[in-house]
Every structure is written in structure tokens, then in C-alpha cells.
Amino acid sequence: MLLLSLTLSLVLLGSSWGCGIPAIKPALSFSQRIVNGENAVLGSWPWQVSLQDSSGFHFCGGSLISQSWVVTAAHCNVSPGRHFVVLGEYDRSSNAEPLQVLSVSRAITHPSWNSTTMNNDVTLLKLASPAQYTTRISPVCLASSNEALTEGLTCVTTGWGRLSGVGNVTPAHLQQVALPLVTVNQCRQYWGSSITDSMICAGGAGASSCQGDSGGPLVCQKGNTWVLIGIVSWGTKNCNVRAPAVYTRVSKFSTWINQVIAYN
């Protein structure tokens with residue numbers, strides 16, 4: 001079996017909660033908006049972030065990686081003071097959920113981010129006050145720089161993005177979808193030279209991420225631990241479920257992420 005150019009080892013961030021182990025276990029059908037996804041189990045993806053403006057409009061996802069840091073996509077253009085990190089959300093139509101709404105003190109975008117090529121599409125958000133871990137809020141593990149993943153491994157992406165490439169219908173409940181990973185070479189067969197070594201591709205098998213999922217997680221399970229291997233970045237405008245979606249390859253940025261956290 002081919003290997004994606006990336007050994008799955010973990011960078012532990014956080015407190016005694018550790019990382020990547022939800023208190024509430026996810027339930028996956030692996031059968032098939034996200035597009036062609038399904039409702040997640042309440043609280044089963046505790047690192048999922050909703051990025052919102054002051055009106056409560058959800059515009060991007062993100063992943064909690066420690067009590068003070070969230071990782072998202074650079075193209076989400078998060079502005080401290082104008083945008084907020086919302087933790088613990090599941091049903092966006094509910095006003096009764098135990099949410100944590102946190103201000104952003106700093107948004108640190110990778111210095112080589114290119115909005116034309118979408119290369120290096122990653123931003124770190126420092127929270128103005130630390131998140132409080134609960135059964136519904138805890139961090140994900142980061143893939144390390146020497147990550148290796150087998151082709152065809154099924155991973156999961158989550159979010160509240162559009163349910164279809166047509167129209168603007170978004171779900172109330174957090175969606176999840178299992179997606180197979182594809183190699184860089186396979187992805188380049190569809191996207192050509194747009195795919196760089198700093199990207200990872202998944203999907204093309206009847207399901208996809210879509211607009212509004214941007215910045216959110218692509219996670220794979222190792223044993224009982226979930227590891228963040230991708231950040232939702234880009235794909236077809238109509239969210240074609242037969243085309244692989246493109247994610248920022250977290251392993252290429254784990255050293256930079258840890259350096260930013262250490263010095264800020």
C-alpha cells in the first residue's frame with residue numbers, strides 16, 4: 001500500500017485532559033452535507049470551533065489545540081476584536097447550549113501564505129482568555145512533522161458548511177463525513193500543479209467539505225486518539241463530491257505552530 005509522504009506521532013497539547021480523546025465517542029456510518037454527510041453525535045468532536053462575527057454569523061471552522069490556541073485557515077481572514085471563537089456548539093439553532101464565546105487577542109498567519117495559490121493556508125488564533133475544558137470542549141492532537149498515513153485511510157471532517165454546491169442551505173447541527181485520503185500524485189491528476197507538498201487531499205468518493213467548513217478539521221484516528229492532519233482549505237466551487245477536496249497539510253506546519261505557541 002502506498003504511503004502518503006507523511007509516522008503518525010502525536011504532539012500533546014493541553015492539560016491533564018490530554019488531546020484527541022473525546023469524552024463522548026463519535027458514531028460514524030462510513031457510508032456516506034458537509035455534502036452527503038450526517039449529523040454528528042452531540043459533543044463528540046470537542047475541538048470543533050465555530051468562528052463567528054458579532055452578529056453570530058458562522059463563517060469558518062477551526063480546531064482547538066490547547067487552552068489558549070486555535071488553528072484555522074488563513075483565507076478565513078480572522079480579525080481580533082471583530083471575530084469570536086465559539087466552543088461547545090452543536091445546534092446552531094439553539095440558544096440553550098453551554099457555549100464558551102471567546103475573544104481573539106492575536107491572529108498569526110503563516111508568513112508564506114499565498115492567497116493566489118492557496119499555499120500555506122494556516123493561521124493561529126490566540127485566545128484572549130483560556131478555554132475551560134469540559135466533556136464537550138477539549139483539544140485535538142497535532143500530527144507531527146514525520147507523519148505517515150496510508151493511502152485510502154478513512155478520516156473525518158466536520159463543520160456547518162453548505163449542504164450542497166447549489167444554493168446556500170447550511171445545517172443547524174454539526175455535520176461529519178468520513179473521507180478517504182488520496183495521494184499527492186492522485187490529487188494532481190485532478191488538480192494539476194496547483195497541489196503542493198504543503199497540501200493533503202481527501203474525498204472524491206461521494207462526499208466533500210463545502211463553503212463554511214473552511215478552517216475546520218480533517219482528523220484521522222490512531223488507536224483511541226484523533227489526530228489533526230488537515231485544515232479545510234479549498235476545492236471545487238460547486239463542492240463536487242467526485243473531486244478531492246484540498247486541505248492544509250498540518251505535518252508541514254507543526255514545527256512552525258509549536259514555535260509560535262512557545263514564543264507568544
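Note that Cβ sites are derived from N, Cα and C of the backbone, with glycine treated the same way.
Taken from Swiss-Prot, the feature active site, charge relay system applies to H75, D121, S214, supported by similarity to another entry. Swiss-Prot lists C19-C141, C60-C76, C155-C220, C187-C201, C210-C239 with the feature disulfide bond, giving sequence analysis as the kind of evidence. The N-linked glycosylation site annotation in Swiss-Prot covers N114. Swiss-Prot lists 1-18 with the feature signal peptide, giving sequence analysis as the kind of evidence.
Spacing of C220 (disulfide bond) relative to S214 (active site, charge relay system) is 18 Å (Cα to Cα, whole number). The two recorded residues C19 (disulfide bond) and C187 (disulfide bond) have their Cα atoms spaced 30 Å from each other. Put plainly, the recorded positions N114, S214 were compared by Cβ crowding within 10 Å, and the winner is S214. Sequence-distant neighbours of H75 (active site, charge relay system) (same chain, six or more apart, CB under 8 Å from its CB) are S115, M118, D121, S214, G215, S233, W234, listed in sequence order. Here the candidates are the recorded positions C76, N114, C155, C201. The one whose C-alpha lies nearest to that of C141 (disulfide bond) is C155.
For C76 (disulfide bond), the number of other Cβ atoms no farther than 10 Å from its own Cβ, over all displayed protein chains, is 23. Separating the Cα atoms of C155 (disulfide bond) and C187 (disulfide bond) is a whole-number distance of 16 Å.
Within 10 Å of the C-beta of C201 (disulfide bond) there are 28 other C-beta atoms, taking all protein chains into account.
Under a cutoff of 8 A between CB atoms, and with a sequence separation of 6+ in the same chain, the neighbours of C187 (disulfide bond) are I195, M199, C201, P244, V246.
Taking the Cα atom of each, C60 (disulfide bond) and N114 (N-linked glycosylation site) are about 18 angstrom apart. The two recorded residues, C76 (disulfide bond) and the residue listed as 'N-linked glycosylation site', have Cα atoms 13 Å apart.
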